[in-house]
Amino acid sequence: MDCFVASLLAMTEKDGASVCTELREYPMAYAATAGTSQSLTSAPPGVLALQRALVWLAGASIAIVFIEPSPYELVTLTACVLFFATGLRMQLVFMPLLFALIVLNVGYSVGAVPFLDKPEVVNWVLTSWYMAVTVVFFAMVMSEDTEARLNMLRRGLIVGAMIASLAGIAGYFHLVPGGYDLLTLYDRARGTFKDPNVLGAFLILPALFTLQSVVSDRFGKAFRNAIAFGIISLAILLSFSRAAWGGFVITAAFMLALMVFTSRSQAQRSRIIVMTLIAAILAVALIAVLLSIGTVADMFKQRASFDQSYDEGRFGRFGRHILGAQMALELPFGIGPLQFHTYFPEDTHNSFLNAFMSGGWISGICYPALVFVSAIIGFRYIYMRVPWQRDYLAIFSAFLGIAGESFIIDTDHWRHFWMMLGTMWGMYAAAERHRATSLGVSDEASAAS
């Protein structure tokens, strides 16, 4: 285990044999093994169009998860088959990611051995393996034809978010007959999700995408995205998820700050700042209007309070975290998946603790190592000038938000979290290939001169 963590952490050392350092030292060798930008567009136009359409469909379908199997499962399965049939490649740069995911799920599988007679435990473990497959799949997909595929993923996610948001809003305000019971839970909008907390968390990334357009695009496109941003933001509010509220505000502020710092001109920075202030004022006005509605105001007041009974006490949320951490130190193999509630009144509500409880020290060390090393690597690419830099800032910000949220809620089976993780690794590989190609062109130009 120590060797595994060391191998991952070595990727963050400036002078170590990290993936990023090796790629910088041997850019043309990387371009030869990972594929040059020219080779990525060698597929027939029809194949490229089909691949991009599947990426769009994956982004849109991930918003509909209140039925089993969800459309997202069917789409990703179909996409895996078609992408591999049309030339999808595994690259050496993804080996640390693949290794970490395998070790993580081996830990879960070992922890589940005493409970294999329980269908829910078997399903949980299989779902974890499936999530790992989607991570590797999206990493491989997004490492090629990156700009076009990210564009399709972004558009698909926004469409999916609009469907989920409108469903949640319609259900909350009784705009659809019978919709309140189907589209809400505990007087909170859940839309096409099973849980309002997951709805709110999922909507953050599409909201960031639309916010980027509002503050930086031309009027026509910005106006259309402003409408989408308002609808998605309203759904986040009506989910009454404190984690989603805080995550949305923090990630939006972080992303906008990065956009200002990475802007290419002073005029662009000024526009972002001015439009951000306008958007903030309009958001406050919208919240004020909504709080004039009695039911909304009452639920907002209840949910905004930090004095929640399930958070306090010895067996409250944070008390369980402390007691669970003590158990984790004493149980090298954990207690098995979905067994925490047999010891405490509720589940862990902490993904890092849940990794220890479900898969013992193997998964407990591997899961945070995977998440935090991925985040640390991500900071290296914030200022890299790539055609998809704006999308990268949104996805990276949203990923950090969910990583932080994982301390207070179970996020380990959130499909969009694993999609973002895989997409980020794909963008890491694509960014290094872009750097290698650019250096190669510069060297050739220098030699010619």
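Glycine too: its Cβ is placed from the backbone N, Cα and C atoms.
Of all ranges given (14-31, 392-409), TrEMBL attaches the label transmembrane segment to 392-409. Residues of the same chain lying 6 or more positions beyond the ends of the transmembrane segment (222-238) and with a Cβ under 8 Å from any Cβ of it are 158, 161-162, 164-166, 168-169, 172, 188-189, 191, 199-200, 203-204, 206-207, 210-211, 213-216, 244-245, 248, 275, 279, 282-283, 286-287, 290, 296, 300. Non-local neighbours of the transmembrane segment (196-215) in the same chain are 62-63, 65, 154, 157-158, 160-162, 164-165, 168, 184-186, 188-190, 221-222, 224-226, 228-229, 232-233, 235-236, 239-241, 243-245, 247-248, 251-252, 255-256, 259, 271-272, 275-276, 279, 390-391, 393-395, 397-398, 401-402, 405, 409, 411, 414, 416, 420; each lies 6+ residues outside the stretch with a CB under 8 Å from one of its CB atoms. Predicted-model confidence for the domain 'O-antigen ligase-related' (228-367) is 90, expressed as mean pLDDT.
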